[in-house]
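Chemist: Sharing a structure with you now.
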Amino acid sequence: MASKKMTKSYFDVLGICCTSEVPLIENILNSMDGVKEFSVIVPSRTVIVVHDTLILSQFQIVKALNQAQLEANVRVTGETNFKNKWPSPFAVVSGILLLLSFFKYLYSPFRWLAVAAVVAGIYPILAKAVASLARFRIDINILVVVTVGATIGMQDYTEAAVVVFLFTIAEWLQSRASYKASAVMQSLMSLAPQKAVIAETGEEVEVDELKTNTVIAVKAGETIPIDGVVVDGNCEVDEKTLTGEAFPVPKLKDSTVWAGTINLNGYITVNTTALAEDCVVAKMAKLVEEAQNSKTETQRFIDKCSKYYTPAIILISICFVAIPFALKVHNLKHWVHLALVVLVSACPCGLILSTPVATFCALTKAATSGLLIKGADYLETLAKIKIVAFDKTGTITRGEFIVMDFQSLSEDISLQSLLYWVSSTESKSSHPMAAAVVDYARSVSVEPKPEAVEDYQNFPGEGIYGKIDGKEVYIGNKRIASRAGCLSVPDIDVDTKGGKTIGYVYVGETLAGVFNLSDACRSGVAQAMKELKSLGIKIAMLTGDNHAAAMHAQEQLGNAMDIVRAELLPEDKSEIIKQLKREEGPTAMVGDGLNDAPALATADIGISMGVSGSALATETGNIILMSNDIRRIPQAIKLAKRAKRKVVENVVISITMKGAILALAFAGHPLIWAAVLADVGTCLLVILNSMLLLSDKHKTGNKCYRESSSSSVLIAEKLEGDAAGDMEAGLLPKISDKHCKPGCCGTKTQEKAMKPAKASSDHSHSGCCETKQKDNVTVVKKSCCAEPVDLGHGHDSGCCGDKSQQPHQHEVQVQQSCHNKPSGLDSGCCGGKSQQPHQHELQQSCHDKPSGLDIGTGPKHEGSSTLVNLEGDAKEELKVLVNGFCSSPADLAITSLKVKSDSHCKSNCSSRERCHHGSNCCRSYAKESCSHDHHHTRAHGVGTLKEIVIE
């Protein structure tokens, strides 16, 4: 069997005006050997061909397309190289000659320059007309040639020249507009670079040649070429182009990175987990291509009508000449002019483009916002949605469970043994609850052994089963009891407050254990619900969790749900979706897991959580949410409604323009040049109107990135987001404050970190362990105040709300030392020695009372961050950069952090500042009333951090 080498090639085909050229391209490509499949995307004037390069080259395809005068050229590596930046020489020369012909009023021989203008500009139109006739097709080029010929025959040379010039220049403008409309999508499809660097050798290779489990290197500023897992190093990654995430995402060892995202800082090595063609960005591009090539119901209707429109108009125009000629009317020239106006109006390009261009722009906007809509029909249906149903776990809630309590109910089974059986069985499940149980087991020194589990089974909506050490173990909700052979679940005193999820463990037919898990709602969910309500859309929650957990989520969201159904099996969800479709109308279902797949498939629109969701959910969903921010859902519905309005506007523009020209002609003013201008001008207006979908209706501030520093810097940053303080969605609240600087207070601009204070002169060990020297470290507190105020010693200032006293930046020093015998710590600080910083004190001036901050325990890698919980609602993120501390920065561990305060606080916090920083803004900043070192603190008002002592 002959070998094959299949390649996907992209071609820019500027000769595509509307869908009427698609059959021509199909006939050309179908007649060529080596073509496996192809698609034609009319709005972007793109042809995508999968072909065998051993049989058919790209240049052979270009040659075949250009024989039909389609102006095709190869697009290199999926990028758009627009070649018509300027009008063609034919149009330029024709325009100059036409302009000179108007001097005929001064010197009559100049009128012949109009004929020269026709000759100069007609060639490309004539060539396309001949190519169309050769294939027995009637298009706008043939109609224009006939019109120009008839006009010259009537000695209207100037009008003929105007027709030729307007047609050529308008086509150029249309191609420019089409390029602008498709440029965003082309950049999306060419996100991933074509080359990668092998970490071990430094060799640069083609991405297509990379195999899985190859370790590659990615430097700061480079685009990650392929999906993988970080092996070494850490960095921040800009995932905006892929997920719509507004802020950089920190990546540490074992973090997943995606092709097409940008490494903003740091050096990482990545172990590849997919081939180039199987990367998320490649699948994303394929889905977008398929969606662009699909048609809405409206578009199919218009295309069907256009098949009859052109022949009917041509027949009418012939009648306008034939009937007056047969009747020998005295003003035959008027009727010929009228017939030519009608003839030029026979091309319905503007009407045909009205739907696909608007759809194309909407799909492009969605894709660049982290929403993949798999087809044009789904976009049209999305605009009609009346009710949205949500799964709870992993969709409304984070799906990041924590085991709060685990009990053994059998005297014959120890807690250690039960936890071993449960965690070993759960380690074979992909459910987020399973991961929480496994983590809990390891935290109490129980190591699961999944290889010891036999006959593992999953029961969707109920639980799992596995056989281990001869024991049959069932784990799940109440329904799992029937699988274990029990008819009912005994009443057990289990804490279900706070919406905890209860899990039951059966060993054989005996209820051997019970555990509860806690989960929390995602940030932004309440906002998403509010926006859906404002659109007149009802909301339902369908969950397999217990009623208590479901109602707790309902309470957290302010009773936003119109319908709440709990303890549902997958088939129950599907039946409820059918019921909602009958009673409410078009229904959307949002889910992320295996249990949601039937409901996603049943709904009119299935929306799956893409990158985080299961593979099956992603395949089942009609729309893929690339991030976990469900605020994208109301955005998608708004976009679909805007696209629907644009389609209506485009149709109205097309019909109105044609109707106006015909009405003018029948009123006694048959202007042929106006008819041509209306035809090509309508196409241009339709494209420009549709491009408004690509613009952001609500402008946001510029995104800014934290500057990395080679020195040891600790950044304490205020998190302003949802009430939960969650930065996961990457979107800050839109707060308008006249005292705020541009980009602050809810926008995305951050201030630059200050330079570190002068460090110790001895850097042999950076002040760590063996020498016990101290390093100076700068802490920068970011704020949203209008202007820095440098006050002298002993001066007090108010919060940000004060007119003249605004916190700006905070500089403190961190002292680090190592103890020879740290209490309760196993790992050393540097070089593996048993010297570990184990306690930190934060002295914060101007607090009435000490505020406890819990930042968790465990190693803090360079570049890692942790959430600091203040008293009340406020939260802060502590960013750790420890380049200068240890040769092995991963050994630096933070075990506790205490806040000290003095009694100088004169609370003067304004309500606006409390809005920014929680229930008490003095927890974020303190009043300045303390002495300084050689440099003043340029951050006054609410809370100057004074000293962090690492002992």
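For all residues, glycine too, the Cβ spot is worked out from N, Cα and C.
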Chemist: Choose the correct range: of 10-30, 136-156, 598-618, which one does Swiss-Prot annotate as transmembrane segment? Give that range.
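Modeler: It is 136-156 that Swiss-Prot annotates as transmembrane segment.
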Chemist: From the topology recorded by Swiss-Prot, do VAL42 and HIS330 fall on the same side of the membrane?
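Modeler: Topology check (Swiss-Prot): VAL42 vs HIS330, domain names differ.
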Chemist: Cβ pairs under 8 Å with the transmembrane segment (672-691): which stretch of 84-105, 109-128, 158-178, 336-353 has the most?
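Modeler: When the Cβ pairs under 8 Å are tallied, 158-178 comes out ahead.
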Chemist: Minimum Cβ neighbour count within 10 Å among the binding-site residues ASP592, ASP596: which residue?
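Modeler: Taking ASP592, ASP596 as the binding-site residues, the minimal 10 Å Cβ count falls on ASP592.
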Chemist: Secondary structure at ASP592 (Mg(2+) binding site) (DSSP, helix/strand/coil)?
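Modeler: Its secondary structure by DSSP: coil.
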Chemist: Quick one: average pLDDT across the topological domain 'Cytoplasmic' (354-647), no decimals.
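Modeler: Computed over the topological domain 'Cytoplasmic' (354-647), the mean pLDDT is 86 on the 0 to 100 scale.
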Chemist: Against the transmembrane segment (136-156), which of these stretches has the most C-beta pairs under 8 Å: 109-128, 305-327, 336-353, 648-667?
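Modeler: Ranked by Cβ pairs under 8 Å, first place goes to 336-353.
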Chemist: Per DSSP, what is the residue count of the topological domain 'Cytoplasmic' (179-304) in each of helix, strand and coil?
Modeler: 43 helix, 35 strand, 48 coil
Chemist: Who are the chain neighbours of the transmembrane segment (648-667) in space, where the CB to CB distance is under 8 Å and they lie at least 6 residues beyond its ends?
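Modeler: Cβ under 8 Å, 6 or more out: 302, 337-338, 341-342, 345, 348, 350-351, 353-355, 357-358, 674-675, 678-679, 681-682, 685-686, 689-690.
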Chemist: Checking distant contacts: for the topological domain 'Extracellular' (668-671), what same-chain residues at least six beyond its ends satisfy Cβ-Cβ under 8 A?
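Modeler: For the topological domain 'Extracellular' (668-671), the nonlocal Cβ contacts are 334, 337-338, 340-341, 661.
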